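J.: Quick one: this structure, given as C-alpha cells, is what I'll be asking you about.
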Ligand SMILES: N[C@@H]1[C@@H](O)[C@H](O)[C@@H](COP(=O)(O)O)O[C@@H]1O
C-alpha cells in the first residue's frame, strides 16, 4: 500500500487523474471502476477538465460502478446510477451503454449480483478501481462484520452509514435506503490497481485502521493491505492519526521525482 499525503483536494484530483490518464494512454480500452460519494469528486472534475482539453478519451473504455441502493428507482437523483452519470459519465465520451452499475431495482437481486460479477469478468476485469472509504471503514457498501471474501451481493447499511448518507437525502435518515447491491470485497480486490481517496478528519480513524491496523472484517478496508497495487490519497486531516507519516512522505517524494 502506498500512501500519499497531499495538501488539498486539487492535488488529490491531479494525482488520481494522472493514474487514469496513464492507464488510458497505455490501454485505450481500459475498464475503470467508479465510486460514488464526495471523496472521488476532485478526480472526476480533473478528468472532465482533461477530457475537455483533449488529453484523455474514454471512447473505447468501459466502466463499472461499485454499488447501488436497493429501493430507489434508476431515475432517482440519489440513485448511484444517476450520481455516476452526473458526476462523470455524462461529461466524458464513454460510448452508450459502456458505464454499468449494479441493478438495485432488479426483482431478483441475487441474479442481478451474479450477472454483475459475470459482466465485470466478461469485460476483462477492472483495470483501475477508484474508491472512497466510509467513516466505519467500509468500502463500496461492504460494512464491518461482512465477509472479506464476498462477491457482489445484497447488503445492509449500518446505522452510521445511514446517518452519514442522510446528507444526500435532505438530512432525513428515513429516506436513506437500508439495503444495497454492492461489489464484494473479493470483487474489488480483483481490480488490477486501486486508488482510494479519503479526506477530512472524520475519516482519520478509518485511514489509520486501513493503513496501519490489523486486517479484520471489523474494518473492511484493511483487506486492501493484501492488494499488490493500492494507492491511498489522503489530505492532512485524514492522515492525522497515522504513525509513520514521515516514512510515507519520504517514499512518496522519491516515487514522484
Ligand atoms: N457506498 C459509498 C462508498 O462507496 C463511499 O466510499 C462512502 C464514503 O462517501 P464520501 O466519499 O462521500 O465520504 O459512501 C458511500 O457509503
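From the backbone N, Cα and C atoms, a Cβ is placed for every residue, glycine too.
The shown structure was predicted, so the numbers you read here are calculated from the model rather than taken from an experiment.
Pulled from TrEMBL, these are the listed features:
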- 67: active site, proton acceptor (ACT_SITE)
- 136: active site, for ring-opening step (ACT_SITE)
- 138: active site, proton acceptor (ACT_SITE)
- 143: active site, for ring-opening step (ACT_SITE)
- 17-225: domain 'Glucosamine/galactosamine-6-phosphate isomerase' (DOMAIN)
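Situate these features within the shown structure.
T.: Around the Cβ of residue 67 (active site, proton acceptor), a 10 Å sphere holds 22 further Cβ atoms from the protein chains shown. In the three-state DSSP scheme, residue 67 (active site, proton acceptor) is classed as strand.
DSSP assigns residue 136 (active site, for ring-opening step) to coil, not to a helix or a strand.
Around the Cβ of residue 138 (active site, proton acceptor), a 10 Å sphere holds 25 further Cβ atoms from the protein chains shown.
Remark: residue 143 (active site, for ring-opening step) has 134, 136, 155, 156, 157, 158, 161, 220 as non-local neighbours, by Cβ distance under 8 Å and separation of at least 6 in sequence. Under DSSP, residue 143 (active site, for ring-opening step) is assigned to coil, being neither helix nor strand in the three-state scheme.
The predicted model assigns the domain 'Glucosamine/galactosamine-6-phosphate isomerase' (17-225) a mean pLDDT of 97.
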J.: How many whole Å apart are the CA atoms of residue 138 (active site, proton acceptor) and residue 67 (active site, proton acceptor)?
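T.: That separation, Cα to Cα, works out to 12 Å.
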